[in-house]
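The structure under discussion appears below in the form of structure tokens.
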Amino acid sequence: MPRTKRVYSGKTITGVLYPVAICMLFVAINVKLSQPEQQEQSKVVYGLFHSYDTADSGTITLYLIGFLILTTSLGVFCYQMKFYKAIKVYVLANSIGILLVYSVFHFQRIAEAQSIPVSVPTFFFLILQFGGLGITCLHWKSHRRLHQFYLIMLAGLTAIFILNILPDWTVWMALTAISFWDIVAVLTPCGPLKMLVETANRRGDDKFPAILYNSSSYVNEVDSPDTTRSNSTPLTEFNNSSSSRLLESDSLLRPPVIPRQIREVREVEGTIRLGMGDFVFYSLMLGNTVQTCPLPTVVACFVSNLVGLTITLPIVTLSQTALPALPFPLAIAAIFYFSSHIALTPFTDLCTSQLILI
């Protein structure tokens with residue numbers, strides 16, 4: 001029985017890098033448009049905290065991690081018990097809340113910040129068209145490109161929503177804690193995400209396209225056995241009867257040769273599925289960098305996220321198993337962020353003040 005090995009081409013890898021880059025750029029542009037420098041708006045952590053002391057950052061992070069662990073565990077439990085309708089209702093409610101409700105406040109803030117004159121009926125008509133089409137594309141049949149576009153919009157708006165309600169340093173603490181939780185949830189034997197992947201592979205179903213970004217919606221066909229030559233097939237056939245008798249006589253003198261089992265490995269083009277949470281946290285980190293740092297640091301974090309994701313994908317090819325997509329990109333982005341914030345930004349400021357052109 002040939003063993004199947006999934007390989008990932010450059011086209012498949014870029015099929016994931018492009019949407020991640022688009023999502024991060026969408027968040028960065030929207031953060032700049034909604035919060036111009038001359039109008040800095042205060043953030044409010046709804047229902048939890050009303051001050052931004054450093055001591056509160058750890059408490060907020062614990063609340064977020066607890067909520068994430070609870071929702072992930074409940075989602076995996078519902079999936080294993082086949083409570084598909086409950087999961088679909090939860091995902092549908094989140095999509096409506098982000099694409100229809102929150103988008104009203106977000107785009108209203110952009111219109112006010114940029115002094116864009118829009119009438120109320122026109123504004124609500126555009127939001128209804130945007131959100132209604134998005135919900136239809138995410139939860140029912142639609143064109144593949146349109147479905148992928150609204151997955152990116154959903155992740156980007158979710159990242160902006162989280163960014164607007166969290167203090168700056170709390171974002172970094174939350175991202176660090178979420179990265180460790182991602183490792184535990186995916187790699188440990190009792191991790192909920194590992195159990196989810198194993199259950200989905202065992203059932204062979206993909207019932208929730210609204211929470212997974214698929215690099216391709218097409219299934220590549222495996223080559224038929226006729227096109228693959230087995231190594232045990234003889235290259236020469238003897239038709240001469242004397243040769244046949246000679247072989248038969250020799251076989252009486254020699255012990256029978258036990259054929260060695262040769263295991264064929266068939267390479268199949270695989271598709272990469274990235275959770276929408278990964279899109280959200282990549283964009284959350286970049287959006288926080290846009291708020292607090294100059295352009296060189298933003299560019300460094302943007303590139304480092306893509307580099308970290310590019311490092312993760314070959315490891316997936318070698319291990320042939322699901323891996324957490326957050327630790328490598330966020331670790332490299334954190335290194336670039338702090339090194340750029342400590343060394344590069346003061347250096348460029350000094351060169352600018354001294355009129356030194358490099």
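Here the Cβ of each residue, glycine as well, is placed from N, Cα and C on the backbone.
Its Cβ taken as reference, Asp182 (active site) is surrounded by 23 other Cβ atoms within 10 Å in the chains shown. As annotated by Swiss-Prot, active site applies to Asp182 (among others).
The active site feature in Swiss-Prot is assigned to Asp278 (among others); the stated evidence is similarity to another entry. Residues near Asp278 (active site) in space but far in sequence (CB under 8 A, at least 6 apart, same chain), listed by position: Val20, Ala325, Leu326.
Under the heading compositional bias 'Polar residues', Swiss-Prot lists 221-240.
Residues annotated as intramembrane segment in Swiss-Prot: 322-342.
The region 'Disordered' annotation in Swiss-Prot covers 221-242.
Marked as topological domain 'Cytoplasmic' by Swiss-Prot on the basis of sequence analysis: 1-12 (among others).
The feature topological domain 'Lumenal' is assigned by Swiss-Prot to 34-57 (among others).
Along the topological domain 'Cytoplasmic' (79-86), the predicted structure has mean pLDDT 87. Per Swiss-Prot, topological domain 'Cytoplasmic' is recorded for 79-86 (among others), and the stated evidence type is sequence analysis.
Marked as topological domain 'Lumenal' by Swiss-Prot on the basis of sequence analysis: 108-115 (among others).
Taken from Swiss-Prot, the feature topological domain 'Cytoplasmic' applies to 137-148 (among others), supported by sequence analysis.
Residues or ranges marked as topological domain 'Cytoplasmic' by Swiss-Prot on the basis of sequence analysis: 192-273 (among others).
Here the topological domain 'Cytoplasmic' (343-358) has long-range neighbours at 293-294, 296-297, 300, meaning same-chain residues at least 6 beyond its ends whose C-beta is under 8 angstroms from one of its own. Residues or ranges marked as topological domain 'Cytoplasmic' in Swiss-Prot (evidence: sequence analysis): 343-358 (among others).
The feature transmembrane segment is assigned by Swiss-Prot to 13-33 (among others). A Cβ distance under 8 Å defines the sequence-distant neighbours of the transmembrane segment (13-33), meaning residues of its chain 6+ beyond its ends; these are 106, 110, 113-114, 148, 151-153, 155-156, 159-160, 163, 213, 215-216, 272, 274, 278-279, 282-284, 286-287, 290-291, 298, 302, 305-306, 309-310, 313.
Here the transmembrane segment (58-78) has Cβ contacts under 8 Å with residues 45, 48-49, 84, 86-87, 90, 166-167, 170, 173-174, 177-178, 181, 185, 192-193, 195-196, 199 of the same chain, all six or more residues outside its ends. Positions annotated as transmembrane segment by Swiss-Prot, on the basis of sequence analysis: 58-78 (among others).
Within its own chain, the transmembrane segment (87-107) has Cβ neighbours under 8 Å at 30, 34, 75, 78-79, 123-124, 127-128, 130-132, 134-135, 138-139, 150, 153-154, 157-158, 160-161, 208, 210-211, counting only residues six or more beyond its boundaries. The transmembrane segment annotation in Swiss-Prot covers 87-107 (among others) and rests on sequence analysis.
Feature annotation from Swiss-Prot assigns transmembrane segment to 116-136 (among others). Sequence-distant contacts of the transmembrane segment (116-136) (same chain, at least 6 residues past either end, Cβ-Cβ under 8 Å): 92, 95-96, 99-100, 103-104, 107-108, 110, 142, 146, 150, 153-154.
Residues of the topological domain 'Cytoplasmic' (343-358) grouped by DSSP class, helix first, strand second and coil last, total 11 helix, 0 strand, 5 coil. If one looks beyond the transmembrane segment (274-294) by at least 6 residues along the same chain, the residues whose Cβ comes under 8 Å of a Cβ in the stretch are 16, 19-20, 23-24, 26-28, 31-32, 35, 151-152, 154-156, 158-160, 162-163, 168, 171-172, 175, 178, 210-213, 215, 301-302, 305, 309, 325-326, 329-330, 333, 337, 340-341, 345, 348.
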